[in-house]
């Protein structure tokens with residue numbers, strides 16, 4: 001079961017990823033985790049990636065793709081994997097096709113959790129955090145009993161700067177522009193499966209399980 005998981009910020013990707021890997025016993029492979037593991041193991045590619053990250057620069061595609069190749073070649077990926085955060089561009093998607101071809105495998109599905117921008121705005125701008133204990137609330141989905149007061153410690157709640165409407169809107173627009181060519185690429189390949197992420201978390205996962213039901217565990 002070889003899967004790629006996509007979705008805009010706030011679509012609920014993380015929650016669904018946890019359920020998929022728990023149920024199907026495949027590793028959840030995120031770009032960040034791959035970089036951290038490669039750097040910890042001090043592989044040649046890991047050290048190259050570290051040199052860019054330490055300077056605050058983007059890791060070049062050739063290094064990222066090399067790290068992905070190393071990771072997908074490990075034993076725990078023999079029964080499949082869930083890729084999250086890679087690929088981000090069509091060039092990376094084409095490189096992934098080459099990697100899998102060399103391994104004698106193909107992608108089964110690219111699962112795209114779709115939520116419209118207005119709903120994502122509501123989800124992302126509604127978050128509030130306690131200044132004192134760090135507890136997280138949501139004005140719509142998980143509000144505190146008393147407005148702007150933490151239920152746990154009585155601390156004041158605040159909105160992070162990057163959760164304000166203008167910043168969130170810009171972030172979503174950037175992500176939309178980046179992912180559209182990738183979604184088109186996978187749609188043309190026949191891998192793309194759009195899942196309605198506006199539903200309740202359990203219903204979203206039920207749809208994913210229905211999709212994966214035809215694949216061998």
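From the backbone N, Cα and C atoms, a Cβ is placed for every residue, glycine too.
Here is what Swiss-Prot says about this protein:
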- 10, 11, 12, 13, 14, 15, 127, 136, 137, 199: ATP binding site (BINDING)
- 31, 36, 57, 58, 59, 85, 86, 87, 88, 92, 160, 171: AMP binding site (BINDING)
- 130, 133, 150, 153: Zn(2+) binding site (BINDING)
- 30-59: region 'NMP' (REGION)
- 126-163: region 'LID' (REGION)
Alpha-carbon spacing, residue 88 (AMP binding site) to residue 127 (ATP binding site), which is rounded to whole Å: 26
Around the Cβ of residue 12 (ATP binding site), the count of other Cβ atoms that are within 10 Å: 20
Composition by DSSP (helix, strand, coil) of residues within the region 'NMP' (30-59): 22 helix, 1 strand, 7 coil
Candidates 31, 130, 133, 160 (binding-site residues) - the one closest to residue 14 (ATP binding site) by CA: 31
Length of the line joining the Cα atoms of residue 137 (ATP binding site) and residue 59 (AMP binding site), in Å: 34
Cβ neighbours within the same chain of residue 31 (AMP binding site) - under 8 Å, at least six residues apart: 64, 84, 85, 86
Helix-strand-coil residue split for the region 'LID' (126-163), DSSP-based: 3 helix, 13 strand, 22 coil
Pairwise CA distance, residue 150 (Zn(2+) binding site) versus residue 57 (AMP binding site), rounded so that it is a whole Å: 38
Nonlocal residues around residue 127 (ATP binding site), in sequence order (Cβ under 8 Å, 6 or more apart): 136, 137, 138, 159, 160, 163
